[in-house]
Amino acid sequence: MENKKERLVAAIENGTVIDHIPAEKTYQVTALLGLDRLTTPVTIGNYYLSKKLGKKGIIKVSDKYFTTEEISRLSVVAPKIVLNIIKGYEVVEKKTVETPDELRGIVKCNNPKCITNNEPMQTVFNVVDKVNGILKCHYCDKEQEMGKVELC
Ligand SMILES: [Zn+2]
C-alpha cells in the first residue's frame, strides 16, 4: 500500500522534483518558477498528506534544472521547500532555498505612494533581516515582512 501512495505522481528520468511545498503555495511556486512557459512535461500534485506540513504540494518538472537565482525567488512564499535533482531516476542532489540579499521584480511594495507603484518599473528590495524575513524597498525605504508580501 505504501508503494502505491508514493507513486501518486509518476517518477521522472531527469529533472527536478520540488517537494514540501505548503499546499496553499503550490500555484505561487509554479508562477515564480515560470512553469507555465515551459515546454517540457510538468506534473503538479497538490493536497497530499504530509507528516510535517499537514497538506503539501509536489511538482515534477522533466528535463529542467533551476538556477540558484530562480530557486532563491521561492524564499518569499515557501522557504522550506526542497528541490530534488533527478538524473537517471535517482536523486543526485537536494537543494534548499536560500534567501537572497536582493529581490528584483518579484514582490510589490506595500507603500501606495512608492514610485514602483506609479511608474512602469521593476521593484527592488534589499533583504535586511534574513532570520525574520524583513525586506526594505530600495526606492522608498518602506519595510515589509516576507510572509505577507504580494507578488508582482
Ligand atoms: Zn517602495
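Backbone N, Cα and C define each Cβ position, glycine as well.
All TrEMBL annotations are machine predictions without curation.
Noted in TrEMBL for the protein shown:
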DOMAIN    9-98  domain 'Aspartate carbamoyltransferase regulatory subunit N-terminal'
DOMAIN    103-145  domain 'Aspartate carbamoyltransferase regulatory subunit C-terminal'
BINDING   C109, C114, C137, C140  Zn(2+) binding site
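Panel annotation: around the domain 'Aspartate carbamoyltransferase regulatory subunit C-terminal' (103-145), residues 32, 73, 76, 79, 151-152 of the same chain, lying at least six beyond its termini, place a Cβ under 8 Å from a Cβ of the stretch. Ranking the binding-site residues C109, C140 by other CB atoms within 10 A of the CB puts C140 at the bottom.
In this view, the densest Cβ surroundings among the binding-site residues C114, C137 belong to C137, judged by other Cβ atoms lying within 10 Å. A coil conformation is recorded for C109 (Zn(2+) binding site) in the three-state DSSP classification, outside any helix or strand. Here the domain 'Aspartate carbamoyltransferase regulatory subunit N-terminal' (9-98) has a mean pLDDT of 92 out of 100. Within 8 A of the CB centroid of the Zn(2+) site residues C109, C114, C137, C140, the other residues of that chain are N110, N111, K113, I115, T116, N117, T123, H138, Y139, D141, K142.
A coil conformation is recorded for C114 (Zn(2+) binding site) in the three-state DSSP classification, outside any helix or strand. In the three-state DSSP reading, C137 (Zn(2+) binding site) counts as strand.
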